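> My structure is below; once you've seen it, I'll send some questions.
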């Protein structure tokens with residue numbers, strides 16, 4: 001009969017390490033590409049994009065599908081309908097299917113058409129900046145109440 005793999009976490013770690021290796025190779029191609037050589041901070045941007053991509057490529061197959069994109073946008077506080085997501089992926093992948101690869105993701109982030117994903121990452125940065133205040137809440141006057 002079948003054996004049960006009790007090392008799920010270890011296997012997942014290996015999968016993520018392999019994935020990171022593949023993404024690093026793609027990053028190297030972009031760093032060597034003369035088209036992007038004028039972009040300052042390119043290596044820092046590529047590292048940030050790699051981390052984001054790995055976070056949402058949950059199955060580790062190298063592509064972000066519609067459900068991963070949906071999760072990404074919901075986490076960022078900009079949930080989209082299934083139809084909007086399909087349109088977004090179609091625009092990004094040039095109509096080639098319901099997923100997009102890391103290299104397409106990078107071209108989109110570094111190119112002119114990157115408005116949507118840049119906006120997504122910008123929202124996430126803003127969310128980090130607006131940390132919740134600690135301590136007891138400030139007292140309000142009656143006139144300030146809704």
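Every residue gets a Cβ built from N, Cα and C, even glycine.
Since we're looking at a predicted model, the values are computed, not measured.
Pulled from Swiss-Prot, these are the listed features:
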{"type": "BINDING", "residues": "57, 59, 61, 63", "note": "Ca(2+) 1 binding site"}
{"type": "BINDING", "residues": "99", "note": "Ca(2+) 2 binding site"}
{"type": "DOMAIN", "residues": "44-79", "note": "domain 'EF-hand 1'"}
{"type": "DOMAIN", "residues": "81-115", "note": "domain 'EF-hand 2'"}
{"type": "MOD_RES", "residues": "1", "note": "N-acetylserine"}
{"type": "MOD_RES", "residues": "10", "note": "N6-acetyllysine"}
{"type": "MOD_RES", "residues": "38", "note": "phosphoserine"}
{"type": "REGION", "residues": "127-146", "note": "region 'Disordered'"}
> With every protein chain in view, what's the tally of Cβ atoms within 10 Å of the Cβ of residue 63 (Ca(2+) 1 binding site), excluding that atom itself?
18
> Between the residue listed as 'phosphoserine' and residue 63 (Ca(2+) 1 binding site), how far is it from one CA atom to the other, in Å?
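Cα of the residue listed as 'phosphoserine' to Cα of residue 63 (Ca(2+) 1 binding site) measures 28 Å after rounding.
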> For the domain 'EF-hand 1' (44-79), what does DSSP give as the number of helix, strand and coil residues?
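Result for the domain 'EF-hand 1' (44-79), in helix, strand, coil order: 23 helix, 3 strand, 10 coil.
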> List the residues of the same chain that sit at least 6 positions away from residue 57 (Ca(2+) 1 binding site) in sequence and have their Cβ under 8 Å from its Cβ, in sequence order, or write 'none'.
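Non-local contacts for residue 57 (Ca(2+) 1 binding site): 19, 63, 64, 68, 102.
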